[in-house]
Amino acid sequence: MPFGNTHNKYKLNFKPEEEYPDLSKHNNHMAKVLTPDLYKKLRDKETPSGFTLDDVIQTGVDNPGHPFIMTVGCVAGDEESYDVFKDLFDPIIQDRHGGYKPTDKHKTDLNHENLKGGDDLDPNYVLSSRVRTGRSIKGYTLPPHCSRGERRAVEALSVNALNSLTGEFKGKYYPLKSMTEQEQQQLIDDHFLFDKPVSPLLLASGMARDWPDARGIWHNDNKSFLVWVNEEDHLRVISMEKGGNMKEVFRRFCVGLQKIEEIFKKAGHPFMWNEHLGYVLTCPSNLGTGLRGGVHVKLANLSKHPKFEEILTRLRLQKRGTGGVDTAAVGSVFDVSNADRLGSSEVEQVQLVVDGVKLMVEMEKKLEKGQSIDDMIPAQKSLELQLPCRVPANGSLVPCLEFQLIEGPPPVSGDPITTWSSAQRWEVLGSNLASKTSQLCDPGQVT
């Protein structure tokens, strides 16, 4: 039993309406989609490994969310979860990923040579660059559902694969369970160490069971390429370095990731992937590329500009504090990254970061000189999608979509369809959109 009492077979003695969770005060994607009828339809189903609907939704049931913060509210326990419970997952994915439909196909492009520029971001402003993604190993259940033996098998398979890397990727694995104090301190100093999750969203999903058994960190000798094993996903692959050479960071990311994938394929365990969802990961928010390409960039003046948030949104970027999710910007240094995951390729997502950050640095330089940047504010870099708007009769907007309306009035009561900018992590909270937006925090945004 992974967690809670979700595998209690006696629950089948009760009617679905008696087991249906109280979601009346919840604000997450799962709660918006799951109805009593849908619960009744899916309750008795399970994946081949035994993952049930109650397993899928438990993290969203236990964590109602905040009125102004929309989380996903569900996880997958194995590769089959997205198919067996597609009636729940499909509308969640569509809302979460900018109208991405069940018939849409994801694009993958890990050819680093297709990235234009990226080696000329000003290091006086861009302090560090990083690209990360997650990967799931086919043939094993995902962290919310895996057994101890499975988790240890994933670790053994991963360590064998990573230790076979050579050249610039030659490195060493550090298991959390047997790490020395000296090794632990060094990894802390390098900002590599991940600890037991404290987020209620992750704890309720069962990801922290048996901690720290079969978890660890691997990094290459020059500490520019690292892999977390058995955290939120089977693998979390990260390429990073000081300065603004995103081109080199992305090159190393693509080359190293493809080397790892080839080793796993030869061992009979390719990564989970399909043409609709791209790379399959634990949290629906990370489907597609699973990629987060970001920089720490100093924007002392631009961050105070009244259109800073609008500029980020138009560039399809998001910002976090210097220390990540739910942290403040220290010394006006922000963690700026791509907002999209599903429907566009790795190259396209990193290209948005490169182009957007370069533009923002130029804006910062103009503001330092006391000059206006009005003529530099970009047009919206997004496809316009026709998405349903859930607007109650009183005309106020329900915070259920992760979009900010960039231009024009909000939808009026009774108008079922309005044009929205896609895939931005912003909620529509009311008619005064310029002042009422909030950035979202999902389990998949932890790192």
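Each residue's number is its place along the chain shown, starting with 1.
Backbone N, Cα and C atoms are what each Cβ position is placed from, and that goes for glycine too.
Taken straight from TrEMBL:
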type	residues	note
DOMAIN	11-98	domain 'Phosphagen kinase N-terminal'
DOMAIN	125-367	domain 'Phosphagen kinase C-terminal'
BINDING	128-132, His191, Arg236, 292-296, 320-325	ATP binding site
Residue among the binding-site residues Arg236, Arg320 whose Cβ has the most other Cβ atoms within 10 Å: Arg236
Fewest other Cβ within 10 angstroms of its own Cβ, chosen from the binding-site residues Ser128, Val131, Gly294: Ser128
Helix, strand and coil residues within the domain 'Phosphagen kinase N-terminal' (11-98) as assigned by DSSP: 44 helix, 6 strand, 38 coil
Mean per-residue pLDDT computed across the domain 'Phosphagen kinase N-terminal' (11-98): 94
